[in-house]
Amino acid sequence: MRINALIQRICLQMIRDKRTLALLFVAPLLILSLMYVMFNGSGDAVKPKLGAVNVPAPVSQALAHADIEVIPYHDMDKETIVSDKLDGALISKDGHWSLLLENVDPTAAKAMQMKVGQIMAGLLLQNGQQGSMDLSQASSLPVEYVYGNADSTFFDVLSPILIGFFVFFFVFLISGIGLLRERTTGTLERLMSTPIRRGEVITGYLTGYGLFAVIQTVIVVLFAVNVLDISLVGSIWNVLVINLLLALVALSLGILLSTFASSEFQMVQFIPVVVVPQVFFSGIFALDGMAEWLQTIARIMPLYYAADALKGVMYKGYGFGDIIGDLLVLVLFVFVFIGLNVIALKKYRKPSASK
Amino acid sequence: MDHTVRVEQVGKRYGNKIVLEKVDLTIERGQIYGFIGPSGAGKTTLVKMLVGMETADEGTVTVLGKKMPNLRMLQEIGYMAQSDALYTELTGEENLRFFASLFKLNKEEQKQRIAYAAELVNLTPDLAKKAGAYSGGMKRRLSLAIALIQNPQILILDEPTVGIDPELRLSIWNELFRLKNEEGKTIIVTTHVMDEADRCDYLAMVREGRVLANGTPRQLTEQYGVNTLEEVFLRAGGKSK
């Protein structure tokens, strides 16, 4: 009953605080969309132009689908590329494929090369088994994908990590500051002078803020998958499970760290110390190349495990069995933080002398 | 059981600073017991020990025969802290209801107690307003109403009338008298307002962590050979130097 009262109160407070709600629900979508737009590069404004010589229809369709403007030519040389302001040309001649690139902007050229390569290989993968004679000649492009497909972009690899990060960050911030405010206004102390148990306080907080964390997680994941069309190979349920666990970690960690802050300002100071380093170790940068001791540090970061699991499910199509290890570690984090929280609350009320 | 609260040889220190030293007190049922003393004397620490929010380094604190801290005793203790601890986003009524639901009260009792407590502190017309929009005095009154919500046997009020106008202060004191006389409640208040100290049945003068003197207001004035409590306060304070 007391837990219910606490949960109801937290919900009521949150609903009254429209701006915090907006931060929790809208801000992640905003940033995610922004990153999506940025990483998906050119966009419509600078659709790259590709001349196509003797290119079969499925290929040019696939290229067009990947936001490349395909212009058919009968013949192609360097002068044509320059005069027609093409970014490159794909030429099929006597069963050999070649790509001619303008290369004014090496990065763009590289991107074009990769994109075309990806598409060719993608088509090959799709059609290879059907024995499509038409495209079998494309096998001369030595590109094959273990994960992802012709449409894979950096964002596809990055986005699982980003989703996890946003869930972690916003839940951490809001739950931490939420409880901190209770500490500074004295309501927590007041609460502890009622017969509520410390465990009940923690449970109430975890559930109350947890509800909002769940809503946020669902919104972010659905938005990422359905609106931004981020690749999701595995099951969306697994993605939700990972993110919910991560939200719980963030929640319990936020509440715990608020013990060590005496103002909102000090709570924000935990962001560069606790949150930002986790991003570095979450797999945005390849960990394999790092020094051994750095890799060891990564192992104590909750986001490392969540990102690993998210990448596994969303990009590599892992099933539940493949991520169970990561999930267990996250559960362990939650239990450790909750345990520490219960201990930390002793500051407000000493344990009963007589049982 | 005639004594409600018993404090025996209690000592408390924060680091090197001695906050309380060898405090002995006995508070009887149905008394209004006042702790008077300047700020920083250790009144609040003492009061927090009665609620179980602090533990004594030495000695024992017993409330209603149970050694504190004790979770179950909190049902019987109504506590009003020095600072108003209210949820400012919630209305007065929601604040009351939230705290009411932390105690063992059924729905009907809950409703009655909320109505009673709000009426007592004259907040009934303002219950639908957010606590954040309350004036200082209103917040104080709401805090008092919350302390009364579970109908506790013991009321512990840490400077209850700070920021409350004289008229309301009088009505609060009248209600405290009524609670004492008709319901036999034990009321512990801290104050540094001397005319309030005068209204207590029994006083303990706290200074620098020690109880310098205790007794009825009359006993204290006689003991020091002065006319007013104010003088007692100054004398007692002077003596400790």
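Placement of Cβ uses the backbone N, Cα and C atoms for every residue, glycine included.
Taken verbatim from TrEMBL:
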- A:109-348: domain 'ABC transmembrane type-2' (DOMAIN)
- A:21-39: transmembrane segment (TRANSMEM)
- A:157-180: transmembrane segment (TRANSMEM)
- A:201-224: transmembrane segment (TRANSMEM)
- A:236-258: transmembrane segment (TRANSMEM)
- A:270-287: transmembrane segment (TRANSMEM)
- A:323-345: transmembrane segment (TRANSMEM)
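Among A:21-39, A:201-224, A:236-258, A:270-287, A:236-258 has the largest number of CB pairs under 8 A with the transmembrane segment (A:323-345). Same-chain neighbours of the transmembrane segment (A:270-287): 158, 161, 164-165, 168-169, 172-173, 176, 253, 257, 261, 294-295, 297-298, 301-304, 306-308, 311, counting only residues six or more beyond its ends whose CB sits under 8 Å from a CB of the stretch.
Per-stretch counts of Cβ pairs under 8 Å to the transmembrane segment (A:157-180) identify A:236-258 as the leading one among A:21-39, A:201-224, A:236-258.
Within the chain, the transmembrane segment (A:21-39) has long-range Cβ neighbours (under 8 A, six or more residues past its boundaries) at 14-15, 153-155, 158-159, 162-163, 166-167, 170-171, 174, 212, 215-216, 219-220, 223-224, 227-228, 230.
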